[in-house]
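Visitor: So TrEMBL lists these for the protein:
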- 2-217: domain 'Glutamine amidotransferase type-2' (DOMAIN)
- 2: active site, nucleophile (ACT_SITE)
- 283-422: domain 'SIS' (DOMAIN)
- 449-587: domain 'SIS' (DOMAIN)
- 592: active site, for Fru-6P isomerization activity (ACT_SITE)
Ligand code: M6R
């Protein structure tokens, strides 16, 4: 989703900003722009499409050492050059970039800007026009910015330039992510650290409702009331090379292949001095005190949460509910007496999940975030964090974060289960990691299956029972988001209650069977759809295989099957998108980091 960068120092701001925006591309966007401050004013370049398109039109008159930049994912107003950021006030004095949504935009425009001729359809323009209005009323820029912030309802990460003082970038944040980076000869701002790693690895967290005055050699953080806040910097330990896709054609394929390594890295990270997989005592104690666990997540992380529920309930016998964050937020169920909340989020920035975190924190319930991004908002705000150690996940379609989430959930469930858990979890995870490797080497076979079942199809169904149903949901999500084939996941037993009406001659049905206790029943469901003309692709587990199954997965511990059964589904989605010529790493309309509710 929208991304922000800014630079103030003595180097060429244009190149720093463009490079920063390129690093933010993975978040998803439809237009981009930069504003550069020169002696004679501010030059804006913006374009619909990719950063490469923006590069072609940037036309700065000489070296600029101050600037702000933006990638936009449309919320208010269509993706267009006109609506792309930066936006300027009527006089051209103030220029702004914004990530977030201003919920009271209509009221602000009506109450304060009725006489202003607005240029764009965006909520953002209201902010920059308000600053100009307050300056015209006699306030300093800093004071006008503060007065404006006091009027805003909603989410924002903002960077503002004033053509009359090009030695300052005014910055503010509420709900949307934003960091300030401290460089050697200048300072930067960015929606995430990855965007500015080419400039620094030293960052300052900015909290909600704070305002920051960023100068070349000084950063001042203030509360809403103007009082100064002292904050220690932190170092981001991220290697810029990890952000590269190397010789792979797509990040998604690279990330699929990294999965065995990620499981091994996680086992290393969660090993205690006795050589046992273990989790911080404080977390386990809090979880032992709960009467019900609530897992909150979205998309793929939600699917990992469903697997987590199965693991926790089967191993530790603690009742567990899994909720889609955006639903929970506005329709909170009746909670148990001693709830414990787990937030699962690859990015740690998902606004829907964060909205729930804010609510349950206000109720003083214990919280744990499982995330891939240290220092992310959800990590900072929850009582505890478990990291995924998956390395940066760049492809919009989440793959290695899912398997990392399932891995950490298996360790967590095993810890709470004590002696009822999986007997030698390290060994079982090691087997799963080796099996993942075997599966990643079956690309040719999966590519052929994709051609046979999916490439020319307009829809596809994924079915499974029990834990396989959860993986079926994930397989369907992967396929739809990157290949645009309409794909749905169903529990096998539910087909006859409605979805079977959609089956016609040739409809592809991908069926998973890895669980002995439901093998016979899912096979009956497969027969039912075959009888109605479905083209079935059965993916089974060694020991349960039958003649005619298209793909047999080597056996792993039965609760850890999602770690392996998801891989053929990820590869099916990848090859379907490849064969259909889709933009695999940046699927249409989607963003990697979904920072608006
Ligand atoms: O960063 P998060 O895990 O919180 O993101 C949640 C979803 O937006 C994400 O999993 C999304 O569904 C992916 N595109 C799936 O591949």
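Positions of Cβ are set from backbone N, Cα and C atoms, glycine also.
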Visitor: For the domain 'SIS' (283-422), how many residues does DSSP put in helix, in strand and in coil?
Guide: 68 helix, 27 strand, 45 coil
Visitor: When DSSP is mapped onto helix/strand/coil, what comes out for residue 592 (active site, for Fru-6P isomerization activity)?
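Guide: Going by the DSSP assignment, residue 592 (active site, for Fru-6P isomerization activity) belongs to neither helix nor strand, so it counts as coil.
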Visitor: Roughly how many Å lie between the Cα atoms of the residue listed as 'active site, nucleophile' and residue 592 (active site, for Fru-6P isomerization activity), rounded to a whole value?
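Guide: With the alpha carbons as reference points, the distance is 10 Å.
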Visitor: Tell me, how many other CB atoms lie within 10 A of the CB of the residue listed as 'active site, for Fru-6P isomerization activity', whichever protein chain they belong to?
Guide: 26
Visitor: Using DSSP, break the domain 'SIS' (449-587) down into helix, strand and coil residues and give each count.
Guide: 66 helix, 28 strand, 45 coil
Visitor: Around the C-beta of the residue listed as 'active site, nucleophile', how many further C-beta atoms are within 10 angstroms, looking at every protein chain?
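Guide: For the residue listed as 'active site, nucleophile', the 10 Å Cβ neighbour count is 30.
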